[in-house]
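To keep things clear, I will list the structure first and then write my remarks on it.
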Amino acid sequence: MRFHIMTLFPEIFNSYFGESIMKRAIEKGIIEVFVYNIRDFSANKHKKVDDYPFGGGAGMLMTPQPIYDTYKHIVDTHNIENPRVIYLTPKGKTLKQGIVKGFSKEEDIILLCGHYEGIDQRIIDLIVTDEISIGDYVLTGGELPALILVDAIARLIPGVLNQNESFEDESFENDLLEYPHYTRPREFMGLNVPDVLLSGNHQKIEAWRKEQAIEITKKRRKDLYKKYCKK
Ligand code: ADE
């Protein structure tokens, strides 16, 4: 799967994709990440990428030309048909695991990171297929949301996680939050690992984990719990 990230701050992405699971996935060739500096595509002789909003108002907007030309470059050089273009914005649909799963089926994903007060609406009208928010709070730009989205999608692609990193039991699968985990030592600061986990009885362990997952979901996330009960 190929991720194409359009940004004014390409450096932000280097360290994240150079570490841990993302690095391994790239080295294995399971995912490819291309980062494009929108400023490189500015037709302006000073490489300007922002301007004042028509009608007045606070702050600057990203102008359409450099973004459109970056997009054209991506689509043409990689021969992408029906490109999925995701604009990260607090106005977008709130990201959920189900949306992530949908995106993980694509061959190519183009992500557009906004900055300043946002982007010219005509870019959204012309090229954006999905507007996504990572939550009800406002960040200074779309770079962190883009990283979050790429990470969440990439880990669902077969081969990115190895077997013991698998996501079968994790939070949001089956509309339940995950059960608690324990490792060595058996006792820490006077707190013991629950006996059942040391019992070796896998049926009992499974039952305990399910019960814990249900309890924690009921306590913390009534919305998910209701969904779970309806199944
Ligand atoms: N850009 C700024 N804030 C954002 C958010 N919450 N989600 C996605 N993109 C954003």
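Cβ coordinates come from backbone N, Cα and C, glycine included.
Note: TrEMBL annotation is automatic and uncurated.
Residues or ranges marked as domain 'tRNA methyltransferase TRMD/TRM10-type' in TrEMBL: 1-227.
In the three-state DSSP scheme, Gly114 (S-adenosyl-L-methionine binding site) falls into the coil class. TrEMBL lists Gly114, Ile134, Gly135, Asp136, Tyr137, Val138, Leu139 with the feature S-adenosyl-L-methionine binding site.
Within the same chain, residues at least 6 positions away in sequence whose Cβ sits under 8 Å from that of Gly114 (S-adenosyl-L-methionine binding site) are Met62, Tyr87, Leu88, Thr89, Gly141, Gly142.
Taking a Cβ cut-off of under 6 Å from any atom of ligand 1, the binding-site residues Ile134, Gly135, Asp136, Val138, Leu139 reduce to Ile134, Gly135, Val138, Leu139.
For Val138 (S-adenosyl-L-methionine binding site), the same-chain residues lying six or more positions away in sequence with a CB closer than 8 A to its CB are Pro90. Maximum C-alpha to C-alpha distance over the listed S-adenosyl-L-methionine-binding residues Gly114, Ile134, Gly135, Asp136, Tyr137, Val138, Leu139 is 16 Å.
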